[in-house]
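So Swiss-Prot lists these for the protein:
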SIGNAL    1-27  signal peptide
BINDING   HIS194, HIS228, ASP230  Zn(2+) binding site
Amino acid sequence: MKKINIIKIVFIITVILISTISPIIKSDSKKDISNVKSDLLYAYTITPYDYKDCRVNFSTTHTLNIDTQKYRGKDYYISSEMSYEASQKFKRDDHVDVFGLFYILNSHTGEYIYGGITPAQNNKVNHKLLGNLFISGESQQNLNNKIILEKDIVTFQEIDFKIRKYLMDNYKIYDATSPYVSGRIEIGTKDGKHEQIDLFDSPNEGTRSDIFAKYKDNRIINMKNFSHFDIYLEK
C-alpha cells in the first residue's frame, strides 16, 4: 500500500512539473517577432542575380552549374541547388534564365542560390500584375501594375521577391518600428487554385541559407495561368 501511495505522489509531482515547464518551453521555441523582422530585413535587402540565356555546364541530382561568364567574366558560374524533381527538368548545354538570391557568395568563382531557374526566353514581354492589399482584414488600395514581370515563365521565387521588395519599400514591413506582426501572399491562378507564401517565416537560425532554402523546389508558373495576387498583413 505504501509503495502504491509513493508511486501516486511521484506521478502527481511529475504532472505538476510538466504543466509548469511546458509553457516556458513553448514561449522559448517561438522566435520573437523583432528577431524575425531583423532576419528577413537582412536576407531580402539584396540584389538578385538576373541573368538571361546562360548555358548549363553540368547537372547533378540536386545541382545545376550555370555558366555566367558573359556577365561576370572568365570561369564565373552560378550553382543552383534544387530538389531532385526540379533538377531532372534540365540537362547539360540547356540554355536557361536565372533569377536567384545568393546565400553563399564567392566573388572569385561564383554564387550559390536555391532554385531560380527557368528555360531561356528570348521574347520581350511585360506582365503587369493585378493585386490587392488587406491590412488587418480591411481592403486597402489595389496594387494593379505595381509588380511587372518580363518573362512568360517565372519562378515563385521571383514573384515572392518582387512583391516583398514593394512591401519593404512602401510599407516598411520588416523595419523595427513596423506595426506588422504577420502576413502572407496568396497567388491566384485562373483554374481557381491559390498558393500561399508566408511573409514572416524565418526558420532555424534565420540565415539567408535557412530562409531561401524554400526555393529549392524551383516552382514555376506560366503567366498565361496567372490571375492575381492578394496580400494580407496583420498588425
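Glycine too: its Cβ is placed from the backbone N, Cα and C atoms.
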Using an 8 Å cut-off from the Cβ centroid of HIS194, HIS228, ASP230, can you name the remaining same-chain residues around the Zn(2+) site, in sequence order?
ASN132, GLU186, ILE187, GLY188, SER227, PHE229
Per 10 Å Cβ neighbour count, which of the binding-site residues HIS194, HIS228 ranks highest?
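Per the Cβ count, the most surrounded site is HIS228.
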When you measure from the Cβ of ASP230 (Zn(2+) binding site), how many other Cβ atoms are you left with inside 10 Å?
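Here the count is 18.
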